[in-house]
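J.: Below are the structure tokens for one structure; questions will follow.
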């Protein structure tokens, strides 16, 4: 797979079928007899092999793809990948009939993950996270967003984000970090949400920003978490620090989180099961991506589905992600996630594939760099042993990845 710097001379992948996922092109942007040329980690040509300019010089490396399909490298745009321990015991309690409240009273829930993360050092966090990252990468994932949110004080949020950043030194992958300090109340807050929001906006975000540990700021807007007014204070501080925002919105109730996210020009609003028409319209106007998370819906047995038809009608772009986390979506397969999005929520194959490539890149503010097979983008590719792209969504528990290329290597 090459070194972590991802630099190389000219490489050409020929005799391939391409799903370019180019923006503004119908469907998957398919090129039947295609080729891709890369240099210095960037795509310099993607299109019909017959139309490829004469690029080859001495030392050019050519790969015969033997008719395989090439898509952009997959992107998981919403994960909580860095955590310690697991919550399998809560899973057993819930199967035995315990309610969410009973689990929380027994010391479970997000607070359980906070306790575990605080007890672990940075090296331990990296070591525990790498197998989860490897599982994603084994399915052709080349970019992963990783949130904090189990530290909930300055030192532990920084530890979590530093561990996430270190993943990119350990593996050939692009990592985007998001500070989700406004995730839950830590035990020491003793139920005082206002004081904790003061801490997030006044201390945690500035401290994280000073060390450039976060690419974005997120929050959890929900009755069991933070109110729209509290999230607005967090987002005002993020804006002052020059950081883009994202939001866990309308998952368990409609607090108009989607509209709140849109009012701040959020990159994405995520979950969205209870989003209404006004929220969808606001997102469309703001260009905020709807990130669909079927893993959590499945795992906690939700019954209210995100309003996919509303998003289509208003032209809201949809991304699809694992929401990989220890409590509500212990999922590290983006391929299975696509199948869930199609089966549970009715997304089309084209929507699913766009959702883990182009629209996932858009949800991270990276569409100018990755997410499609176009000249000038990072040479992040996934090469598949399949007859047609629909197989990537249709099959379950099957991985047809032939090769994964990150920055040309």
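Glycine too: its Cβ is placed from the backbone N, Cα and C atoms.
Grabbed the feature section from Swiss-Prot, which reads as follows:
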type	residues	note
BINDING	78, 80, 248, 323	Zn(2+) binding site
BINDING	78, 80, 248, 323	Fe(3+) binding site
BINDING	87, 150, 183, 251, 328	4-imidazolone-5-propanoate binding site
BINDING	150, 325, 327	N-formimidoyl-L-glutamate binding site
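Would you situate these features in the structure and describe their surroundings?
T.: There are 31 other CB atoms within 10 A of the CB of residue 78 (Zn(2+) binding site), with all protein chains counted.
In the three-state DSSP assignment, the secondary structure recorded for residue 248 (Zn(2+) binding site) is strand. Cβ neighbour count for residue 248 (Zn(2+) binding site) (all protein chains, 10 Å cutoff from its Cβ): 30.
Sequence-distant contacts of residue 87 (4-imidazolone-5-propanoate binding site), defined as residues of its own chain at least six apart whose C-beta falls under 8 angstroms from its C-beta, comprise 108, 112, 113, 326, 327, 330.
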J.: Work through the binding-site residues one by one (80, 248, 323, 325) and name whichever has its CA nearest to the CA of residue 183 (4-imidazolone-5-propanoate binding site).
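T.: Comparing Cα positions, the candidate nearest residue 183 (4-imidazolone-5-propanoate binding site) turns out to be 248.
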J.: Apart from 150, 325, 327, which residues in this chain have a Cβ no more than 8 Å from the mean position of the Cβ atoms of those residues at the N-formimidoyl-L-glutamate site?
T.: 80, 83, 87, 110, 113, 149, 326, 328
J.: Residues with Cβ closer than 8 Å to the Cβ of residue 150 (4-imidazolone-5-propanoate binding site), same chain and 6+ apart in sequence?
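T.: Expected: 80, 82, 83, 84, 110, 113, 114, 116, 117, 156, 160, 183.
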J.: In angstrom units, rounded to an integer, how far apart are the Cα atoms of residue 328 (4-imidazolone-5-propanoate binding site) and residue 248 (Zn(2+) binding site)?
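T.: That separation, Cα to Cα, works out to 13 Å.
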J.: List the residues of the same chain that sit at least 6 positions away from residue 323 (Zn(2+) binding site) in sequence and have their Cβ under 8 Å from its Cβ, in sequence order, or write 'none'.
T.: 78, 79, 80, 270, 293, 295, 296, 329, 331
J.: Quick one: Cα separation, residue 251 (4-imidazolone-5-propanoate binding site) versus residue 325 (N-formimidoyl-L-glutamate binding site), in Å?
T.: 15
